[in-house]
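The following features are taken from TrEMBL:
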TRANSMEM  48-68  transmembrane segment
TRANSMEM  80-98  transmembrane segment
TRANSMEM  104-129  transmembrane segment
TRANSMEM  206-230  transmembrane segment
TRANSMEM  236-261  transmembrane segment
TRANSMEM  300-320  transmembrane segment
TRANSMEM  332-351  transmembrane segment
TRANSMEM  363-385  transmembrane segment
TRANSMEM  397-415  transmembrane segment
TRANSMEM  464-481  transmembrane segment
Amino acid sequence: LVPLLVQDLAAMNGVEAANLTQPCDTTEEDYKCVMHIFGNHYLDPGTISLYVSSFSAVISFVVSLSVAAIADYGAYRKRLLATFAILGCMTSISFFMIQSPSLFWMALVLSPLGWACYNASSVFTNAFLPIYVRVHPKVLEAQDRVGAHLTLQEMDEKNKDFFGANHRMSSHFYSYGNALTNPTGTNHSVLLSEQRKVEEQVSNDLSAWCAGAGIVGTVIVQGFCIGISVGMKESLLSLQIAIAFTGVWWLAWTMAVLPWLNARPGPPLPKGQNWITYSWSKNFKTVKAMRQLSQITRFTLAWFLLSDGINTVTALLYVITYQELKFSHTESLMMTIALSSVSFFGTYLFLMIRRFWKLSTKFMAMLTLGLYTTLTGYFVIMPYFSMVYGLRQDWEVWVSVVYLGLIISTFFGVAKVMMAELCPEGEENEWFSLFQLADKGSSWIGPFATGAIQAMTGEFRPGFWFPFSLFIVGGALLFTVDMNKGKDEAARYTADQEAKRRLLASIPPITITSAGESPFLARRVLLDL
């Protein structure tokens, strides 16, 4: 909705592309307008929308980086989820202040603020996934089996030591202990593998159900927005009302769910720490920790590339349909409803496929990425062979929307599950913050690059080369991720961090007795330990 509003305001402030002295008449059919930027530079409204999206992504990146890591402390995760929902609702309603095209600059301010609130809220929402997976009854049952097996193994080792002097008695207890710890030839590694399969299954199920609920909400909201658009003849005010409605919906459902959402508070925020600086330092430490976690590092780099490619494909599709195929507000909203509706069925279709063939999360990610690459390849190659096809027909748009709908939720869902499986326990917010930052930290690049391509060539379609190349490189990187190795690295990292905390807690306070000794040096010694 906001990109449509930005494009409309830019056109109202623009001039005819064929006659730069003639103000743009948006009531004419197949109008082509550009907006003066500075000097002799003019930009298409669609390009301006892409640049605004790029700028919004940068602001979202900074905001998420500044607050996300502190959600691992106290009950901040739940509180900040509510706080950013309130701020997002207020930002959505503030679009009513744009009462004339001359206030176009206000859209440039409100758009990044709204996106920043939404993306920060998404960080805290996503961070609940690994927490609820770990306390799911099926996962706890699998963990109990592994724990019981380890306990019996320890008992067997003690039996060996205690009865080692008596060969006959020790043989009897060895066989008895083996019968307990290995009743069916199952060893610890097999049980651990089964536990991870249960965790993966639960993660995918929860992710699919959450995605399905979100899709249903999207369809309902977009349905209301279409009614508003049609009832008010697609006026500028209809877009403002629709944007405000989405903000109120966002806040209302967040507040409705909060009482049922267990905060699961973490340790208190260290005394004397500032929210923003502490969050930046925590994210910096998380990046440093990537040296010990090779697989989650590869996945994050792959996600950095792939998320930008996926967001760019969708953004270009909407810009081309609105600017070149002249889709109306209602048709653009119907595209979103079609995309969401099909993605609802696509989510469960791929979930059933995964269950039936017992496919891994990584395989599902590679499968959906391959489908994305195929569609983008069509957008890239077809214009070189035909001036009729290659996203130039309305039916191509609707086929593309259905195609994307079938795979988009599955890809984002399995990406979240992969991150949940690879991130160290107890640091979910930090790593999901990095996951979100990798998304938003790169999502400014695609719109900016494709906007620049349009400004140089006068065509939007060549911009598909950019996401196509991202899919190739990112897919190759994703293919090299070893999930089992990544889980082992995360477990070792968690154990190492816990050992360091215990060591630090066991060190007695250091008393500075000499005026020449620096307390900052003493603090540095402790931090190094």
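Note: Cβ is positioned from N, Cα and C throughout, glycine not excepted.
In TrEMBL, annotation is done automatically, which means it is predicted and not curated.
With a cut-off of 8 Å on Cβ pairs spaced 6 or more residues apart, the transmembrane segment (332-351) and the transmembrane segment (80-98) reach fewer than 3 such pairs and are scored as not touching. In this chain, the transmembrane segment (104-129) lies in contact with the transmembrane segment (48-68); the count of Cβ pairs under 8 Å, excluding pairs fewer than 6 apart in sequence, is at least 3. In this chain, the transmembrane segment (206-230) lies out of contact with the transmembrane segment (363-385); the count of Cβ pairs under 8 Å, excluding pairs fewer than 6 apart in sequence, is fewer than 3. Segment contact is absent for the transmembrane segment (236-261) and the transmembrane segment (300-320), given fewer than three CB pairs below 8 angstroms at sequence separation of 6 or more. The transmembrane segment (300-320) and the transmembrane segment (206-230) are not in contact, since fewer than 3 Cβ pairs between them lie under 8 Å (pairs 6 or more apart in sequence).
Within the same chain, residues 295, 298-299, 301-306, 308-310, 312-313, 316, 362, 365-366, 369-370, 372-373, 376-377, 379-380, 418, 446, 449-450, 453 sit at least 6 positions outside the transmembrane segment (464-481) and bring their C-beta atoms closer than 8 Å to a C-beta of that stretch. The list of residues near the transmembrane segment (80-98) in space but at least 6 beyond its ends in sequence, with Cβ under 8 angstroms from a Cβ of it, reads 2, 5, 9, 67, 70-71, 104, 106-107, 110, 113-114, 117-118, 120-121, 124-125, 236, 240, 243-244, 246-248, 250-251, 254-255, 258, 261. Sequence-distant contacts of the transmembrane segment (397-415) (same chain, at least 6 residues past either end, Cβ-Cβ under 8 Å): 204, 207-208, 211, 215, 303, 306-307, 310, 313-314, 317, 321, 325, 327, 335, 338-347, 349-351, 361-362, 364-365, 368-369, 371-372, 375, 391.
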